[in-house]
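Asker: Next up is a structure, given as structure tokens.
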Amino acid sequence: MTEQPTGEAAPGVAASARDLIKVYGKGEAEVRALDGVTVDLMKGEFTAIMGPSGSGKSTLMHCLAALDTPTSGEAVVDGTSLGRLKDKDLTTLRRERVGFVFQSFNLVPTLSAEENILLPLSLAGRKPDREWFDQVVDAVGLRPRLGHRPSEMSGGQQQRVACARALVSQPSIVFADEPTGNLDSTSSAEVLGFLRRSVDEFGQTVVMVTHDPVAASYTDRVLFLADGVIVDELRTPDRDHILAKMAALQDAAIKKAAS
Amino acid sequence: MLLLTWRNLLARKVRLMMSALAIVLGIGFLAGVMTFSTGLNATFENIVNGSTSDAVVRPAGDVSAANAGVATTQLVTPADIEKLSALPEVADATGSVDGIGSFLLGSDDKLVGGQGAPTLAFNYAPGENMQGEEILQLSAGGWPEQPGEITLDTSSAERGGYDLGDTVAMIVPTGEPRREFTLVGTADFNGGGTAGATLALLDTAEAQEIFLGGADAFTSVALTGADGVSQTELAKAADEVVPDGFAAVTGDKVVEETQEQIGQFLDVISIFLTTFAVIAIVVGAFIIFNTFSILVSQRVRESALLRALGASKKQVTRSVLIEAFLMAIVGATLGLLLGLGLSRALASLFRSFGLDIAGDVLTLTPFTIISGYVVAIVVTMVAAFVPARRAAKVPPVAAMRDDLVVQEKAMGRRLVLGTIAMLVGTALVAAGLVGAPGTDAIWIGAGAVIWVITTAVLAPVLGHPVLVACRSVFGRLFGTPGLLAGENALRNPRRTGATASALMIGLAVVSAVGVLASSLSATNDATVDDAFRSDFLVQMPTFQGFPAQYGDQMESVDGVDLVSRQQGTPVSVTVGGTPDQTFAAGVDPAYFEIYDLTMLEGTDEISGNQAVLSEGRADDLEAGPGDSIAVEFPGGKTIALEVVGVFEDTPTTAGITMPLSVLADAGLKRSDSSLSITVQDGADRGAVKQDLEDIVEGLPILSVQDKEEFKELISSQVNQLLYVIYGLLALAVVIAVIGIVNTLGLSVLERTREIGLLRAVGLSRRKLRLMITLESVAIALLGAVLGMVVGLVIGVVLRQSLKDDLTVLSLPVSSLLVFLVVAVIFGVLAAIVPAIRASRMKVLAAIATE
């Protein structure tokens with residue numbers, strides 16, 4: 001994959017935000033979802049973005065993933081600044097350098113598991129790398145289910161298909177939006193375990209939005225957002241630390257609302 | 001990507017089948033019409049080619065007597081035929097006795113073949129056509145060999161209910177009108193069928209007795225050339241020896257003339273039918289557009305996902321268009337098959353009118369097949385293009401959000417563009433009305449098409465008041481379900497508007513035609529009231545001539561005051577230097593006593609070689625009292641007539657009216673085409689009518705009508721045509737109803753969660769069904785109301801442009817009310833399946849649906 005050099009990207013950075021501001025609505029109804037976020041997401045790291053509802057964590061991810069355009073500021077993915085890109089280039093970037101895992105799986109119901117996994121490649125008109133495909137499929141443990149339609153699989157299996165789909169095009173960065181939000185705890189553990197292994201074994205970069213401290217405890221680094229700004233972060237977090245941080249943020253929000 | 005499109009098609013089989021049905025029906029109609037027209041042409045071509053000899057000796061002149069349906073007194077003698085046979089160029093010369101004015105009766109004593117094609121009665125003589133084949137081919141029995149024997153064409157014998165050996169009755173022009181024969185055989189033209197004509201072949205001597213008063217002579221001669229002699233050489237050689245008043249023409253020329261005449265008639269049928277096919281296809285396009293719009297909005301999440309996974313806008317657009325393409329292919333294939341069946345059905349319909357079309361010429365030609373596919377693909381792809389573009393505009397982020405709404409542009413721009421288009425349409429119509437250069441109808445037609453399309457585009461806005469009215473009426477009548485139904489129809493105005501538009505187009509055409517038909521009937525009534533001065537009128541429904549003896553007998557009926565005799569004939573006059581075929585009438589003095597023409601110039605007292613002209617004809621001929629006009633009659637005789645007067649146009653006589661004696665001088669056999677009869681003061685009209693009817697009893701096609709009966713006859717003819725048009729438009733309406741079923745079905749699916757919720761809070765199944773039915777009725781009413789308003793306006797405008805012919809404007813109020821009721825019924829019918837499906841949903845499952 002060719003790297004487009006831009007002066008601002010530090011080595012080892014997979015994606016970064018510079019002073020990102022995103023405003024929805026106007027006047028009375030104005031909501032500042034992001035209020036000046038600056039952050040670097042490192043290559044080969046599993047990063048979680050956490051925060052109370054409405055803190056702007058999803059918006060941050062959408063802006064970094066080239067799905068949404070910020071009001072101002074700059075988002076850089078894999079050395080490419082998104083601000084100057086046209087729709088066509090954004091499409092190419094999403095196709096070649098970004099992978100997605102959604103909360104509601106978002107598999108195409110009419111396609112089998114294998115066809116769903118290969119969809120990004122077929123959209124790009126690329127031949128799948130069989131060896132890599134096999135490696136990914138075995139990692140998610142879906143070999144016996146490849147011919148099944150989404151409706152014939154459990155939620156956990158569907159989400160693992162979605163994970164495989166995100167990885168099959170060997171993207172620079174995978175964004176996961178509440179990937180365990182619709183799953184029971186066993187399935188959650190399987191999916192998180194897989195994301196963890198993809199970082200450790202394949203050197204993948206994964207960014208995950210979640211409000212589940214258990215999920216966040218699988219990561220290398222947790223960023224805490226509140227009211228559109230990054231207020232804190234934890235390295236190699238454990239569950240109790242995360243819970244404490246979240247509780248503090250929640251309290252602050254309640255206090256703010258009361259005042 | 002192709003795989004995904006394919007899977008999507010398969011997954012939505014039922015929905016797409018419903019949309020494909022619109023294509024199937026539209027293309028089926030088109031292919032059917034094309035196949036039928038081709039078959040019709042082929043039938044006539046076969047017959048014309050197969051029944052024409054190398055050259056024909058016939059009465060000279062531009063006005064072909066045989067085609068005009070009048071008999072002349074010019075004859076060819078056997079000696080003339082000897083002379084022709086003696087020519088070295090001639091291999092064979094066969095004299096024919098062509099009889100005019102005979103009518104074959106069926107075993108039930110009714111006319112065989114109705115009122116369409118004529119009965120061709122002639123003597124049987126073997127003869128060869130241009131290809132050297134026998135012109136007539138026997139299919140059963142034998143040829144007539146002595147007086148009293150007859151051979152009929154197969155289809156007429158069948159329709160008349162006759163078997164070989166049966167006694168066949170035929171009305172003949174001389175002697176006892178009803179004459180009986182023994183059926184000895186059946187035969188057909190080489191080339192198959194008779195195209196509805198009835199063939200009655202007689203023994204030569206008997207034909208001469210019936211049609212020529214017993215003279216040993218012939219009316220025309222069919223020539224077969226010797227080997228190596230061209231048609232031109234043959235005709236040229238024959239022309240040297242033919243008697244005065246006759247000419248020899250090549251077979252090619254006869255074929256050309258006949259095809260020219262038939263071609264015009266066939267073209268009219270073909271254009272007429274194609275018009276309705278086009279309407280059906282346009283309506284179908286709306287259904288396709290609507291289905292794809294709904295499918296696209298239901299697939300927002302999938303489109304967004306594809307975009308998030310890296311599909312370009314082009315790829316998303318293309319996947320929808322490929323879906324449309326495949327649907328078009330399937331629809332067109334089924335449609336072509338349907339069309340083949342439809343053409344066979346049309347053929348059998350025409351057969352019942354007396355026009356026989358052989359089944360083996362009704363095949364799908366490559367041109368029809370290609371046209372079917374091209375039209376289907378173009379229409380479907382164009383209709384799917386806008387929805388496809390909309391699918392591509394779904395932002396990728398929608399894949400991650402729950403509030404999935406396709407951003408729709410405000411209606412503002414549509415309203416502005418629509419208003420401009422309306423004004424352009426109005427300007428075109430106005431141009432047509434004030435007589436802009438070119439044909440008025442083209443200006444008005446173009447304007448009307450723009451009106452209809454713009455109404456469809458603006459339906460979401462224009463329909464709002466109608467839907468609001470529906471909501472409040474339904475709410476009052478049916479309570480909450482009614483109110484909800486009204487709300488549902490209002491909630492997606494584009495969808496409701498587009499669905500209703502399909503019905504709107506159908507009803508616009510129906511209403512416009514209705515206005516014209518109603519005005520035509522009213523105009524006819526007014527004309528008859530004004531012009532029908534006699535007590536009774538005696539004529540044939542086809543306005544052909546009938547033997548003069550009936551008029552003679554009627555003159556002596558008790559209580560009859562006057563009998564006016566009229567004989568019509570085609571003639572040729574010179575208008576602006578070129579020959580012009582028109583009609584002339586010979587009348588007796590009683591005509592002027594009964595009808596009292598309004599004279600603009602000169603006098604109406606004609607005698608000898610004098611004529612009076614209608615105002616219009618006088619303008620064409622640039623002639624007035626004192627001028628002389630040259631009139632060429634069938635048979636080639638030209639007579640100079642002195643114009644003595646000009647009368648105001650009237651439907652009671654032809655533009656050139658002359659004494660009956662002129663027609664006799666011109667060599668036409670005496671017959672009547674119309675009798676006008678008045679009753680003496682104080683006589684019993686009923687008894688007189690009964691006496692008159694007794695006279696024509698033997699001739700079931702000749703009727704004695706009073707004013708009311710005549711009015712009824714004319715309006716029943718108008719209505720027959722109207723019903724045919726309504727029948728053809730029914731297809732467009734059926735397609736529109738399919739559209740409603742489709743939209744409603746998809747809406748129900750889309751609102752699964754909401755329906756579940758309504759059921760959970762206590763809406764009964766019955767009321768749910770009521771709600772969906774009322775929504776359907778609202779859509780149908782919207783389409784009907786918009787269509788009728790547009791149709792009425794178009795109809796009134798068209799009438800205005802035709803005000804010279806349609807002097808009275810009449811609105812078909814009762815028909816419109818019927819259409820409205822029919823629309824409601826269609827609405828109810830369209831809702832049946834979607835309503836049942838909705839009411840079967842399980843409450844819990846419905847709520848849980850995402």
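Backbone N, Cα and C atoms are what each Cβ position is placed from, and that goes for glycine too.
The domain 'MacB-like periplasmic core' annotation in TrEMBL covers B:18-239, B:496-694. Residues or ranges marked as transmembrane segment by TrEMBL: B:268-295, B:316-341, B:361-386, B:415-436, B:442-462, B:500-520, B:721-749, B:770-796, B:816-836. Residues annotated as domain 'ABC3 transporter permease C-terminal' in TrEMBL: B:275-396, B:728-842.
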Asker: Look over the recorded stretches B:268-295, B:500-520, B:816-836 and say which has the most C-beta pairs under 8 A to the transmembrane segment (B:721-749).
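Answerer: Against the transmembrane segment (B:721-749), the leading stretch is B:268-295.
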Asker: Are the transmembrane segment (B:442-462) and the transmembrane segment (B:770-796) close enough that 3 or more Cβ pairs fall under 8 Å, when only pairs 6 or more apart in sequence count?
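Answerer: Output yes: the transmembrane segment (B:770-796) sits against the transmembrane segment (B:442-462).
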Asker: As a test: from B:316-341, B:442-462, B:500-520, pick the stretch that has the greatest number of Cβ pairs under 8 Å with the transmembrane segment (B:361-386).
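Answerer: The stretch with the most close Cβ contacts to the transmembrane segment (B:361-386) is B:316-341.
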Asker: Averaged over the domain 'MacB-like periplasmic core' (B:18-239), what pLDDT does the predicted model reach?
Answerer: 81
Asker: DSSP helix, strand and coil counts for the domain 'ABC3 transporter permease C-terminal' (B:728-842)?
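Answerer: The counts are 96 helix, 0 strand, 19 coil.
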